[in-house]
Amino acid sequence: MKKHNFSAGPSILPQEVFEKAAQAVLDFNNSGLSILEISHRSKDFVAVMEEARALVLELMGLEGKGYQALFLSGGASLEFLRVPYNLMKMHGKAAYLDTGTWAAGAIKEARQFGDTNVIGSSKADNYSYIPKDYTVPADADYFHCTSNNTIFGTQMHSFPETTIPVVCDMSSDIFSRNLDFSKFDLIYAGAQKNMGPAGTTLIVVKESILGHTGRVIPSILDYKQHIDKESMYNTPSVFAVYTSYLTLQWLKNNGGIDAMEKRNNDKAALLYAEIDRNPLFSGTAKTKDRSRMNVTFLLKDEAHTEQFDKLWKAAGISGLPGHRSVGGYRASIYNAMPIESVQVLVDVMKELERSSQ
């Protein structure tokens with residue numbers, strides 16, 4: 001039985017992507033070669049890379065606006081380092097919003113390069129909300145935020161207006177909702193949430209913000225080098241890029257980002273309604289800042305834990321436990337998650353309520 005995969009990542013992908021990727025492992029484009037052994041310089045894979053990069057800009061509405069899309073290695077965690085290397089000037093400073101574990105990781109790396117001003121933080125309240133009362137300093141080299149927080153189940157539903165470059169880690173909600181992506185100067189996202197398997201990281205960067213730091217940047221960390229080499233400065237993660245390309249095609253063919261946003265809103269509304277209705281459960285994030293990607297919740301009485309765990313496992317649900325650092329439960333409902341799977345979880349929650357009476 002195919003399980004209902006609520007894992008935070010690596011996560012569920014569309015079934016047709018699995019099928020096409022599986023076929024490519026056996027024979028890629030009728031070449032007689034597996035995608036796992038094909039040269040990254042081959043005509044067939046160069047076409048995949050070019051089309052994937054173009055498709056990213058098309059879906060985001062950024063074609064012809066001075067942006068480049070890259071597929072790089074190292075995960076989003078490497079971007080914590082690469083961003084200040086490329087954007088923070090010598091003796092410069094940056095502004096960061098601290099909304100969770102991954103934002104804190106980005107802040108830690110930035111502090112190696114200069115004055116890193118944390119202009120807002122919800123750490124004191126266990127990252128249960130998104131800070132609102134902050135001012136982005138006009139003299140900072142850039143502002144960095146994390147749009148969605150997988151561990152604590154919060155999401156930014158608005159972004160500050162500012163004249164300085166805006167950098168956003170969208171690893172866990174990329175392509176899940178329609179935004180004015182032109183308001184961001186650099187976006188990065190690990191593929192393994194909404195786009196593909198682990199192994200590649202999407203970078204979308206406005207070229208005009210690069211080359212102004214006055215520092216020597218190691219070539220492998222220099223965005224300009226990767227742009228000049230068309231995302232092939234070093235050997236890319238061929239299979240991860242190919243699978244991400246298949247997912248981007250699926251997204252486009254199924255209504256694009258607008259359609260994904262409606263699907264995701266419907267799924268989140270269904271699950272949050274049950275959490276709020278059911279007397280056995282409580283959400284962990286402030287209502288106005290709840291994530292539509294990662295729904296975090298607790299049992300009010302841990303005495304029900306054993307029974308609840310038995311029920312959801314018996315229903316074919318996988319990946320429901322919360323992050324090891326916080327416990328509880330987390331249902332990740334990324335683009336490829338069908339609403340039918342969310343309904344299965346809701347039914348399990350209702351069954352627990354009935355059996356406890």
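Using the three backbone atoms N, Cα and C, a Cβ is placed for every residue, glycine included.
Remember, TrEMBL labels are computer predictions, not curated facts.
Bear in mind that the values here come from a model prediction, so they are computed numbers and not experimental data.
Going through W102, W312 against TrEMBL, the one listed in the pyridoxal 5'-phosphate site together with A76, S77, T150, D169, Q192, N234, T235 turns out to be W102. In the three-state DSSP scheme, D169 (pyridoxal 5'-phosphate binding site) is classed as strand. Between the C-alpha atoms of D169 (pyridoxal 5'-phosphate binding site) and R41 (L-glutamate binding site), the distance comes to 29 Å.
Within the same chain, residues at least six positions away from N234 (pyridoxal 5'-phosphate binding site) with a Cβ under 8 Å of its Cβ are S73, I220. Closest by Cα distance to K193 (N6-(pyridoxal phosphate)lysine), from the binding-site residues S77, W102, T150, T235, is T150.
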